[in-house]
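In what follows, a single structure is set out as structure tokens and then discussed.
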Amino acid sequence: MDAMWPRWLLTILALWTFPQVAALPELAMVGLGTAGIKKVSTMVEAIQMGYRTLDTALIYQNHAMVRQAMEESHVPREEIFLTSKVSFFPSSLELPKEHQSTFGMTESPLPPELTFHPFNVKGKEIEGIELSLQELGVEYLDLCLIHAPSTSALELWASFLPHLYGYWPKMPSWTEPLVLGATQALTAQEVEARKREAYQQRKRSWLNMEEAKRRGFCRHIGVSNYPVQFMQEIEEYQTEPIYNEQQELHPLAQFRDVQEYTKKAKIFLTGFGTGVVADTPAAEQIARRIGRSPGQVLLRWAVQHQVHVTPKSNQLARLRENLEVLDFELSDADMATLDALDASKVFYWNTSILVPKADRKLRDDL
């Protein structure tokens with residue numbers, strides 16, 4: 001055959017290859033959060049009942065379960081939108097020398113729920129993704145996210161503290177103002193002192209993600225728990241777009257600046273945490289009136305704000321309920337009722353405290 005291919009052959013090739021590209025899955029409005037799911041069979045049934053976006057992370061230590069579930073579901077890999085997250089820990093857990101005597105230790109301890117891995121750290125994003133691919137038994141991720149923006153041990157602990165009083169209430173509530181206040185004050189000092197170093201570490205992490213995408217390890221890249229200012233920062237050096245931001249988002253913590261920014265920047269926003277506030281009276285009242293569950297009401301609230309959701313559950317009935325949030329709409333009045341509940345009550349990560357004080361004012365054009 002001559003070097004110049006016949007036009008008819010090129011046309012046939014184009015017609016054959018286009019459906020392959022068009023069939024690639026995209027991020028679903030309702031996906032499956034796999035953290036905390038205890039049985040492979042539960043994941044398998046979720047996939048078989050229609051879930052096609054699966055969300056996991058290196059820190060969850062469940063890649064093997066997700067792999068087995070995908071294999072046992074018999075759903076082709078190309079029909080699943082697979083997300084994982086890396087770069088959870090800072091490159092060092094050493095505490096600032098000036099605070100080591102205060103805490104009585106040189107390195108930050110880790111909550112038992114968090115298992116350290118040397119590839120799940122800032123600067124090792126490519127190695128973390130390669131490990132994830134190996135554990136998941138796949139050649140690529142549809143989406144990979146930087147799991148957290150913290151670049152030091154103190155930043156990690158300070159932003160993590162809401163877990164201990166909210167999502168995992170393991171400390172007496174009366175200690176919350178004292179512990180949060182003291183830790184945030186120390187962190188504010190460190191953030192200012194390490195401003196340039198932290199910036200360079202976040203920049204290196206993002207550029208590593210871009211390199212992973214160029215190598216074909218992931219189709220899309222993004223961030224998780226990033227305040228607006230850190231996403232704006234990426235604009236300064238990115239050559240690849242932020243595809244997705246994952247963020248705690250529910251009526252009690254609406255992060256409206258994040259919602260506005262991601263819409264303007266054309267970044268998909270995925271919210272998590274609605275289950276933590278399912279006992280909110282307003283959600284319960286709406287649920288009773290319209291014949292839905294409070295969880296469905298809260299997920300529908302997010303979806304109507306064009307926020308993607310990845311709820312998790314070990315109950316098959318609840319998993320079916322979660323998919324059904326696409327089958328109804330909340331009225332404008334009900335949406336307004338839930339919108340009015342915003343109290344900036346964070347249960348998971350408070351990463352806004354990692355933004356240097358001088359950078360906390362959003363750009364005028366936001």
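Here the Cβ of each residue, glycine as well, is placed from N, Cα and C on the backbone.
Now, the feature entries from TrEMBL:
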type	residues	note
DOMAIN	39-264	domain 'NADP-dependent oxidoreductase'
DOMAIN	280-342	domain 'NADP-dependent oxidoreductase'
SIGNAL	1-23	signal peptide
For the domain 'NADP-dependent oxidoreductase' (280-342), the mean pLDDT of the predicted model:
97
Sort the residues of the domain 'NADP-dependent oxidoreductase' (280-342) into helix, strand and coil with DSSP and give the three counts.
41 helix, 2 strand, 20 coil
